[in-house]
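Trainee: This is the structure I want to talk about, given as structure tokens.
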Amino acid sequence: MHTIAIGLNYKTAPVEIREKLVFSEHQLPEALKKLRSSKSMMECVILSTCNRTELYVVADQLHTGRYFAKAFLAEWFSVDMEDVTPYLVIRENDHAIEHLFRVACGLDSMVIGETQILGQVKQAFLLAQEEKVTGTVFNQLFKQAVTLGKRVHSSTEISSQAVSVSYAGVELGKKIFGTFSGKHVLILGAGKMSELTAKHLYANGAASISVMNRTKENAVELASQFAGTARSFAELNDALKEADVVISSTGARDFVVTKENAADALKKRKGRPLFAIDIAVPRDIDPEIATISDVYLYDIDDLQNIVETNKKERKKEAEKIGVMIEAEIDDFKAWLNTLGVVPLITALREKALQIQGDTMESIERKLPHLSERDIKVLNKHTKSIVNQLLRDPLTRVKELAAEPDAKHSLELFKTIFALEAQIELAEKAEADHAEQSWKEGQRPSLNQGMALRT
């Protein structure tokens, strides 16, 4: 049994390649079933976003699993495997597990620490569960990944610092006002940066948003996104009297807000602070207004410096999270090892019960006078002896399975109890059953492939 992660993302493939390999939401159920029915596949999850398309699979063989995962992508999207292979990254076992944990924690995202990907990982897993294409391994692995992602965001500062210019302005405003609840926002210009900043302010509780733009239609369109109002530049002084926050990005060649009209507006504000964000180049707001009492002015360089500082802080937090991920990988591997010991336990029980059964047959032949009741009593007590003798070894072998050197210890356990023959027969039976299942178009048991491999 092997865990494989195969796919591409914004780091490995340009957008013109990524856009050809995106699963639409309505396609995913069918895609999951088709991937699961591919040879070697035992479990699967598909994670498809604007920045990544990744297949996570549990396969009974590494080589076969890799090949048929790539073949599935090529066939599904009608592309040549040779064309897409250079952009694919394939991770196996520990590396695949680590990658999933990093993705869920936001460490593999374009913006380190972003939280949206955690929800996308969770939804991908839940859909795979609904389509019944996950099993023992992925039910545990993805639950751990989602739980780890939540813990990372709640116990570290990875997602608390602004790493975009638009959101950095919001964070600065919170330091001045505490909250944007009840605050009035004035937007000068209807460009993308103004729109993004306005969205953040609106999401943080701004009471009203007014938009001024040279082109009235653009002002109306942007204002409508926030149930706001479009105003003309002729009303600028009045708007400055009312606004608590000013965002400016007009593209004008001269100052739109001068020290004079700002000073005039401030006289009528009765000491209310004015927070101004100038994200235009060249600047829209006369930097001299920062000398006026109760005016807080920040330009694009101020915001960019904050963003760069915050990015460095996020990288420091990412190092802490790396340690958390390593511990989580160890926990998952310990759990996974306990699955590998199941065939060993089964073989030992079967061997012991076979000995007990043979002994009972011998007793019945040699003591034919025993009553049916006597035989039942003897059978019960000899089975009890077997169970008591096995209790400690079976408890210990489960503990051994969770230790780092489990492979050597379990091999020794198998040798001591001479279980090689039983396990070989069990593995052959499983392999024969799996092959027959593929021929008949059936799914093999999710427990297949979990036999101890040495």
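Glycine too: its Cβ is placed from the backbone N, Cα and C atoms.
Among the features that Swiss-Prot reports, substrate binding site is placed at T49, C50, N51, R52, S109, E114, T115, Q116, Q120, with the record citing sequence analysis. According to Swiss-Prot, the feature active site, nucleophile maps to C50. The site 'Important for activity' feature in Swiss-Prot is assigned to H99; the stated evidence is sequence analysis. Residues or ranges marked as NADP(+) binding site in Swiss-Prot (evidence: sequence analysis): G189, A190, G191, K192, M193, S194. What Swiss-Prot lists as compositional bias 'Basic and acidic residues' is 432-442. The region 'Disordered' annotation in Swiss-Prot covers 432-454.
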Trainee: How far is it from S194 (NADP(+) binding site) to the residue listed as 'active site, nucleophile', counting Cα to Cα, in Å?
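Mentor: Rounded to a whole number, the Cα-Cα distance is 24 Å.
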Trainee: State the three-class DSSP label for G189 (NADP(+) binding site), counting H, G and I as helix, E and B as strand, and everything else as coil.
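Mentor: In three-state terms, G189 (NADP(+) binding site) counts as coil.
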Trainee: Return the count of C-beta atoms lying within 10 angstroms of the C-beta of N51 (substrate binding site), excluding that atom itself.
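Mentor: Cβ-Cβ neighbours of N51 (substrate binding site) within 10 Å number 18.
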Trainee: So around the NADP(+) site, G189, A190, G191, K192, M193, S194 aside, which residues have their CB within 8 A of the centroid of those CB atoms?
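Mentor: Along the chain, the qualifying residues are I187, E195, L222, S249, I279.
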Trainee: Could you name the residues, excluding T49, C50, N51, R52, S109, E114, T115, Q116, Q120, of the same chain that surround the substrate site, i.e. Cβ within 8 Å of the Cβ centre of those residues, in sequence order?
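Mentor: For the substrate site the neighbour list reads M110, I117.
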Trainee: What does DSSP call C50 (active site, nucleophile) in the simple three-state scheme?
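Mentor: Where C50 (active site, nucleophile) sits, the three-state DSSP reduction gives coil.
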Trainee: To the nearest whole angstrom, what is the C-alpha distance linking Q120 (substrate binding site) and the residue listed as 'active site, nucleophile'?
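Mentor: The separation of the Cα atoms works out to 11 Å.
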Trainee: I need the most crowded of these recorded positions: H99, K192. Count other C-beta atoms within 10 angstroms of each C-beta and give me the top one.
Mentor: H99
Trainee: Compile a sequence-ordered list of residues in the same chain as S109 (substrate binding site), six or more apart from it, whose Cβ lies below 8 A from its Cβ; state 'none' when nothing qualifies.
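Mentor: Once residues fewer than 6 apart are set aside, S109 (substrate binding site) is near N51, V103, I117.
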Trainee: In this structure, which of the recorded positions C50, A190, M193 has the fewest other Cβ atoms within 10 Å of its Cβ?
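Mentor: Result for the recorded positions C50, A190, M193: minimum number of other Cβ atoms within 10 Å at C50.
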